Amino acid sequence: MATFRKQYVVSRPVYSEDSFAEHHEKIHRTHKSILNHVMNYLTCDSKRAKNAVLSFLPIIGWMRIYRIREWLLGDVVSGVSTGLVAIMQGLAFALLAELPPSYGLYTAFFPMLTYFFLGTSRHISVGAFPVLSLMVGAVVIRLVPKDGPAANITDFEGLSDDQKRVLVASSVTFLMGIFQLAMGVLQVGFIVIYLSDTLVSGFTTAAAIHILVSQLKFVFGLIVPGISGPLSIIYTLEKVFVQITSTNICDLVMSIIIMLVVFVVKELNDRYKAKLPVPVPIEVIMTVIACGVSYGFNFEQKYDVDVVGKMVSGYEPPIAPSVQVLQESTVEAFPVAIVGFAVAFSVAKVYSIKHDYTIDGNQELIAFGISNIFGSSFRSFAASTSLSRTAVQESSGGKTQIAGLISAMMAMIVTVALGFLLEPLPRSVLGALVIVNLKGMLMQFKEIPYLWRKDKTECVVWVATCLGATLLGLDIGLAVGLGVELLTIVFRTQFPRCSILANIPGTDLYRDRKDYLNIFEPQGVKIFRIPSPLFFANIEFFRDKLVEAVGFNPLRVLRKRNKALGKIKKLLVMRDNGITEKGYGDSSCQTLEKSQVDEKEMDLSSDVSDLPFQLNWNAELPGNITVPRVDLHSLILDFSAVSFLDISGMKGLKTALKEFIRIDVDVYIVSCDAYVLEKLHSCMFFDDEIQTSIFYPTLHDAMLNVLEKHKYDTSRGCIILHHIMSNKRERNVLLKIY
């Protein structure tokens, strides 16, 4: 059944860019100078001051519209639910950072206090994130290894191993916050766009593998020293399997039971989330049960189970970061800052779209930067957000960051008053909770076949990032993934998929001629499209593809024509000794072959003005003179996808156009962006050969002009007689022309 389609009819003149400019006056805009922009930026008035305050303190904006009766109860319930999860995750993720578990509660409290005032997202739960914890833990292990002496750092004097590790983690977090704050102040929040969803997916999957391997020592109850650097995951697995016969059965059984129960209940939470008012806090329930069982049966003494042990009661005084640690960890802190912001911003963007409010990337950088700087002063480690915690906060009714503040208060209560209850908790339980929460990240492996089917380039980015981060470490792996991603962009712009277009009959539409059966392609016309900017890296590729599309090299044709023209001109002045009954003598040909012509002259247009006849290069020439046949009379370049040109691209384009023009091929450029055309004018692109008249606003305008200009070119057969004088008689040489 044919679908009814509306039709439209447009009647207008065929425009070139020149004729369009004559009929439609353009407004000439004056662009502000850099000085004007700076002065405008530095100008301050009451309105700008108010906007600056509201931008820096987003809490003012959402507190003014806060609906106490509608939102407060949901925020309280959400805060309690999220707080329970945050406490358990804080304890577990502290193990990833190679710190005593109690410091995970610090990370659940201090960063949230500042984000409450400065953050633009109303739903994310700020606190520990496993990937960042692992990246911080790699620095901690490098500077304070468990099976060797610590790095030679003056600030370590007089400190225990745990205190050294806390100092390293807080110093790395401080530097991470400095990087984030600096990027926010410099308004470079856009940097996160270079971390594509594919790259982040591959990176977090690799991080999940690292986290899984790092928790095996707790699940099996083994003593495995922390290892960092390239291939650390291989060495860690080696040490685990070497000691596998020493597995603590009690730890293993508890871990398996915890993982099975938590996994099943989480699946039920997801399946019946529409019917449940709040998700069942299974992690908290299992932690309480494990604590009670461990305390009642004295697992630590009877079964040699490693427990959390002494919890720090209350909060310690603030500390300053170690300058030496900052110098040692600069390379690692920057990717931690980027990953932390990228994850938080991605999660925040999802919920801002869902609940219809805006978030500011630069303000988020400032908020997380200050939060990490403030938190590091009180011994917390790198903070971002967690997708699972944020999902709990939003699904349990949270509307604003008041829910986040309440969750932080719960962490404070545990730290100040209830921490001792967690002391008998087996560390294998925390390891099991970490592993079971990796399900979402590990399931990202399913993206590989999907990406392979849909976009093989993106699949390469995913696999390269995942393998690089798994084998070489998270920091180097992130750089590898980013490098591969940028290379794909380079290849896509440097080697774009060029195409030859043809007309869809009865329309003004033009499509790739390889994709359609019924198309119209006038004889002698080529429409070439390049879907990429023209710049120094791809201008030669553009010229090569253009030569491939038309089927001949215009420069080679021009040089052969000039050589042939030289031969013809010499024949005109030669006498009988150069002409025989059979044609041209060998002596003249040898003389011509040996003649040397300046290369610059060979690249200029063939000058046929002094010939006493009309010369057609596609006709049969006198004697043995041959030149390549050129059946093309018009070349149309579709610039609709050319967003910019640089100087190198402009020079290469100009050279290519002149080569075609000099062999009598009319060149047209269509759908050129106004700013590109403006740049061509400003850079003196036009001259006697390349004129503004070759530019057309649409492809159809150019095609109609070509068809009108060459409508009589299908008639052939005109013959012109040329006389060459000789001593004995006149000979008639017939030259056929087109």
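Even glycines carry a Cβ here, placed using N, Cα and C.
Remember, TrEMBL labels are computer predictions, not curated facts.
Record features (TrEMBL):
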TRANSMEM  72-97  transmembrane segment
TRANSMEM  103-119  transmembrane segment
TRANSMEM  126-145  transmembrane segment
TRANSMEM  165-195  transmembrane segment
TRANSMEM  207-228  transmembrane segment
TRANSMEM  240-264  transmembrane segment
TRANSMEM  276-297  transmembrane segment
TRANSMEM  333-353  transmembrane segment
TRANSMEM  365-382  transmembrane segment
TRANSMEM  402-422  transmembrane segment
TRANSMEM  460-487  transmembrane segment
DOMAIN    515-706  domain 'STAS'
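The recorded stretches the transmembrane segment (207-228) and the transmembrane segment (240-264) share 3+ CB pairs below 8 A when only pairs 6 or more apart in sequence are counted, and are therefore in contact. Tallying C-beta pairs under 8 angstroms between the transmembrane segment (333-353) and each of 103-119, 165-195, 240-264, 365-382, 402-422 places 165-195 first. Looking at 72-97, 365-382, 460-487, the range that has the most CB pairs within less than 8 A of the transmembrane segment (126-145) turns out to be 72-97.
Mean pLDDT, taken over the domain 'STAS' (515-706), works out to 82 on the 0 to 100 scale. The stretches the transmembrane segment (103-119) and the transmembrane segment (365-382) are in mutual contact, each linked to the other by at least three Cβ pairs under 8 Å (pairs 6 or more apart in sequence).
For the transmembrane segment (365-382), the residues of the chain that approach it from at least six positions outside its boundaries are 56, 94, 97, 99, 103, 106-107, 109-115, 118-120, 126, 128-129, 132-133, 135-136, 166, 169-174, 176-185, 188-189, 315-316, 318-321, 336, 340-341, 344, judged by C-beta separation under 8 angstroms.
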